Amino acid sequence: MAGKRVRRIEGEEELEVAPTSEADSRSERAVPVPEPVEPSVDPRPDPRPKATEESTPEKPSLSGELFTVPNLLSAIRILLVPVFLWLVLVPEADLLAIGVLVVSGITDYLDGKIARATGKTTRLGAVLDPVADRLYILAVVVGLGLRDIIPWWLAVILPLRDVVLFSLVPFLRTRGFSALPVHFLGKAATAGLLYAFPLLLLGDGDGAVANLARVFGWAFTIWGVSLYWWAGILYAVQVRRLLTSTPRVR
């Protein structure tokens, strides 16, 4: 048979197969198999805590929730409300009262900007900011009404809007909501009123400056009151849609 050789070893025949070609010869060569290398194990323990399925993200501490810069600014605004009333009604120190309103407007702008820039928006801050706005509006209309700077009907219709919206909160709770998000129109109305009130207070006097302040103050007041009630109507419409589209929470 071609390609085979037979040789005799001490009376026995041994069949030896010879490669038929050079390619077959190379394929028959033994290929060394590398020994498996065991991965090296660092005997030192890993100081990092291992993540487990039961692990939950850490909740911010109570102090971290309370003592943030935006919350402190809102708290300062609330503390200045009685100071403003005292300045307007007792010594009638109008310039100092206007200074308090200016500080209130600046802190109102800063607390929202800082909260968005730093990401430190808290549930407490979401409550403190609108509460401070409502307290200032109430304090100013009461103070200016008692000073006969604004008519009594204006001192009534502004707080009346908040009373109407507050009466809708129990209906929201039946759908699992505690409050609606602050609308941009509501913030614009509040800003307009916070511009109007210092001008009206400054316009309670004689002279060219007082006359000019009175004109601009009433212009901001008309726009602010209109937007304030318009935002209130939009909130009421949102509540109605929510009540019709969301099932009752049991």
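Indices start at 1 and increase along the chain as displayed.
Note that Cβ sites are derived from N, Cα and C of the backbone, with glycine treated the same way.
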Stretch carrying transmembrane segment according to TrEMBL (options 59-76, 95-112, 113-130): 95-112
Below 8 angstroms Cβ to Cβ, which residues of this chain, lying six or more residues outside the transmembrane segment (152-172), approach it? 134, 137-138, 141-142, 144-145, 178-180, 193, 221, 225, 228-229, 232, 235-236, 239, 242-243
